[in-house]
Each structure stands twice: as structure tokens, then as C-alpha cells.
Amino acid sequence: MAVTQKYGKKHGPDLVCHKENPPYDKTGAAGCHKKWPDHGTNWSRPVARTWTAVLLLGTCLLYCARVAMPICAVSMAEKFGWSKRESGMVLGSFFWGYCFTQVLGGYVSDRVGGEKILLLSAAAWGSMTAFTPVLAHFCSQPIFSMTLSRFLMGLLQGVHYPSLASLCSQKVVESERGFLMSTVGSGSYLGTLVIGGAGSLMLDLYGWESVFYVSGLLSVLWAYCMWKYLLKGEGPIITLESLGSSGPQSKLSRRHWLRLFKQPAVCAVIVTHLCTASTFFTLLSWLPTFFKDTFPDAKGWVFNVIPWLVAIPSSLLSGCLSDHLISKGFDTASVRKLMQFFSMGVSSVFTLLLCGNLTFPWAVAFVSATMGLTTFSHSGVSVNVQDLAPSCAGALFGVMNTCGAFSGVLMVYFSGYLIEATGSWASVFALISTVNLLGLCTFLAFAEARRVDIDSIKIRHVHI
């Protein structure tokens, strides 16, 4: 392989291996590994669009399976005689499992390909969801089996987003990453809507077991279709050799992890994602309670559905806008910062407006605006990690998501303490805005879009 250096308008040096010279394929150039990983080639635009639709559906089913337990929690508590504390233990166990596999999922995805990890994990958590009613009925201690089941669900679903980040960095060109990530990210809102509507209907007509059966079996079917038609029936074989030797990218990432975390831009994306995840989890957890306390006569479907209906097109808009600006020649880092400004800066304005005395329609409008603008982070900090370190984007995103999940749990608990201590929702919304502004200032000050995962000195040496 001939090794050349590529300098883009918005990027630092990049290492590119060309395959035009077959005689060098077996030995490789100096400093290059014996085999270049097959998962490093970019998709064509039609293939990328197909994968975008498939991954959107997969993320939608991911959230259908994830939200099945919260929807059925009341019915299951009545069935098995759980207290509020026991129900909370079952629901909360998911997030503890979710934290532990983020980095591992990204690490393995960077080496064997994100599509393989997505396939294996979807088959596993889909099967776990479908077997949940069986475990509940046939275990002598349903509270124990359900807590363990939710913990395992968290472990299995924790690899999803790091694998997506790794797959996107390996397969999608920079100018199209915003659209893919924002479109796939909108699947979380779509899944919440679908399971909220269809799941509630199945719960009333056929019982809580049907919600788990349908969402689990559909997820397994999705995994089978992806294996059959996109991966062409190739088995997702993961060997120790593939984990240990998967090309120069993995070697570089292993040697330079410490140097990577010393980069201000890398620290900025971690802090910003931590703040974004914390505020999102807090809003997701407490907004239904806010509406019930403030507007007790309001219809629940209005404030549970409308914000998510706004979030879906908003997420798609952010992806199209960011990719359009980059394709027109705007600096990539500036576009990422602009998207994050909408996500954390402008959304905080609408969050603060919730502190006043509002009517129900205005409250729904402000919450919808807040949730819609928050989705712009899919084209901001969530994609920026792929700009900075495409060779280890999955593992780095796993670090970000782990920090975000832990901080999100802590902030949800602290928000509950504030509500009890002050008796006012204004303190919670002020806290959310403060955390958002802290993350935004960090991102605006230190964010970049050049690659920092490859040592430019070593690249120049190889080129010579």
C-alpha cells in the first residue's frame, strides 16, 4: 500500500492507505499494518441511506424494548404486590447496567465493526425482552428476576450508541455524518411515541405480557433482517485475533489514549456530553410530574406526546442543516458549535420561561421548544467525537455516555431533593439552564474538528 498524507480545509493530517498497487497488499508500507480493516471503507450514498433507515428502525425498537417496563410497571406492581420502592428498584437497575458496557461496546466496535456489535446486542436484548414475562411468572421471587432482567437489559443496550458512533466514523464521510446521526437519534423519540401509544393499547386489551412479547420479537426480527439482507448472511464472528489486531487505527488508539485525554477538545466533548445527558435525563424524568402537579386537570397524552412529535422533525432538521452548511464550505468546528448553541443555549431560554406563571398551552409550547432544540446536539457534540478521533470514536463515545449516564442519575436525584427542599419547580429549571450553559461555554471555548487521534510527527515520518 502506498501511504500518503491528506490535508483538508478543515482537518489536520490524516493517514490514508490506497489499494491501487496490489504488490504491496501483503507486506504493506513501513509503519502500516499487514491488513487494513475492511470496515474502514466509506459507504456509497445509496448504501448509506439504506443503513440510515435500518438503523433508525433499530433505534426505534431499542426504545420500544427499553420503555416497555416503565409502561407496564404499574400493572406489574399490582400483579406482584410491589411497593413504590421496589418498583423504583426494578426501573433504576437498567441504568446501572447501562453504564458498564458503554466503553467496552465502543472498544470492540472500533476493532471488529459496529454493525457486528449492533447485530449481536439486538438479538440478545430482543430475546431478553420477549422472555421477561416468562421470567416474571416462573420465578419464585419476581422482584429479583425483574431487577436482574432490567440490569442485563442495560448491559446489552449499553453498547448500542457507542457502536453507532464507531460505525458512523468508519463508514460515513464527514459531510453526511450529521444527517445519519440526527436521523438515527430521532428513532429514540419515535420509539417512545410508538410504545407509548401502541403499548398502552396492548396493555389494556391483552395484558402487560403482550407489550414485552411484541417489542422483543420485533427486535429479534429486525436483527435477523439486518443479518440476512445487509450483512448478506455473514456470521458476526468475533475472535480474539480480530480484537487484538485490527489495523493501524487500533494500535494508534492503544498507544495514545493518555495523550488523547490530554487534548482540550476531547475533554470539551466529554464535559459537554455529560451536561447534555444530565439535563435531558432530568427533563425526561420530571416533566410528567411537573405537568401533573402544576396542571392536575390536563390530559396526559397532550404533554406526553406533543414534545416528542416536535423532537422528531427537529432532529432531522438539525442533521440536514449541519450537512448543508459543511457541504457549502463552512468550517466544520463552527457548524458543530452552532448546532450545540441551539441545543444548549437557545433551549435554556425556553427552560427558564417555564419558571413563570404559565397557562397549560404555553407550558406545552415551551417544553416542546426545549425538547426540539435539545435534539440539535445530535449534529453537535455527538458527531464531534467522530471528527476528533474516528479511529476510536466508539470507545470514546462510550466514555462520554458512561459519564453522562452516571451524572444523569445523580442530577435526577438532586432535582428531587430541590423540589422537596424549595417546593418550587423554578429551582429545577434554573439548575438545568445553569448546567446547559456550563457545557455550552466549555464547548464553544475548546471544541475543534481536526483529528487528534493520530500523531502528526509519526505520520510525517511514515510519509518520508
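A Cβ is built for glycine as well, from the same backbone N, Cα and C atoms used for every other residue.
Automatic prediction, not curation, is the source of TrEMBL annotations.
Because the structure is a prediction, the values reported are computed rather than measured.
Residues or ranges marked as domain 'Major facilitator superfamily (MFS) profile' by TrEMBL: 51-451.
Per TrEMBL, the feature transmembrane segment maps to 53-77 (among others).
As annotated by TrEMBL, transmembrane segment applies to 89-108 (among others).
The feature transmembrane segment is assigned by TrEMBL to 117-136 (among others).
Per TrEMBL, transmembrane segment is recorded for 148-167 (among others). Tertiary proximity for the transmembrane segment (148-167) is limited to same-chain residues at least six positions away from its ends with a CB under 8 Å from its CB atoms, namely 55, 59, 62, 65-66, 69, 90-91, 93-106, 108-110, 113-115, 117-118, 121-122, 124-125, 128-129, 132, 135, 181, 184, 382, 385-386, 393-398, 401.
If you look up TrEMBL, you'll see 179-199 (among others) marked as transmembrane segment.
Taken from TrEMBL, the feature transmembrane segment covers 211-231 (among others).
Per TrEMBL, transmembrane segment is recorded for 265-286 (among others).
The transmembrane segment annotation in TrEMBL covers 306-326 (among others).
The transmembrane segment feature in TrEMBL is assigned to 338-354 (among others).
Sequence-distant contacts of the transmembrane segment (393-419) (same chain, six or more residues past either end, CB-CB distance under 8 Å): 92, 95, 98-100, 102-110, 114, 158, 161-163, 165-170, 253, 260, 266, 269-270, 273-282, 285-286, 382, 385-386, 425, 427-428, 431, 435. Annotation source TrEMBL lists transmembrane segment at 393-419 (among others).
Among the features that TrEMBL reports, transmembrane segment is placed at 425-447 (among others).
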Confidence summary for the domain 'Major facilitator superfamily (MFS) profile' (51-451), mean pLDDT rounded
89
Do the transmembrane segment (211-231) and the transmembrane segment (89-108) share at least 3 Cβ pairs closer than 8 Å, excluding pairs fewer than 6 residues apart in sequence?
no
Per Cβ pairs under 8 Å, the stretch of 53-77, 89-108, 117-136, 179-199, 338-354 packing most closely against the transmembrane segment (306-326)
179-199
Among the ranges 53-77, 89-108, 265-286, 338-354, 425-447, the one whose Cβ pairs under 8 Å to the transmembrane segment (117-136) are most numerous
53-77
For the transmembrane segment (338-354), the candidate among 53-77, 89-108, 179-199, 265-286, 425-447 having the most Cβ pairs under 8 Å is 425-447
I need to check the long-range neighbours of the transmembrane segment (265-286): which residues 6 or more away from its ends have a CB within less than 8 Å of a CB in the stretch?
340, 343-344, 367, 370-371, 374, 377, 381-382, 384-385, 388-389, 396, 399-401, 403-405, 407-412, 415-416, 419, 428, 431-432, 435-436, 438-440, 442-443, 445-448, 450, 452
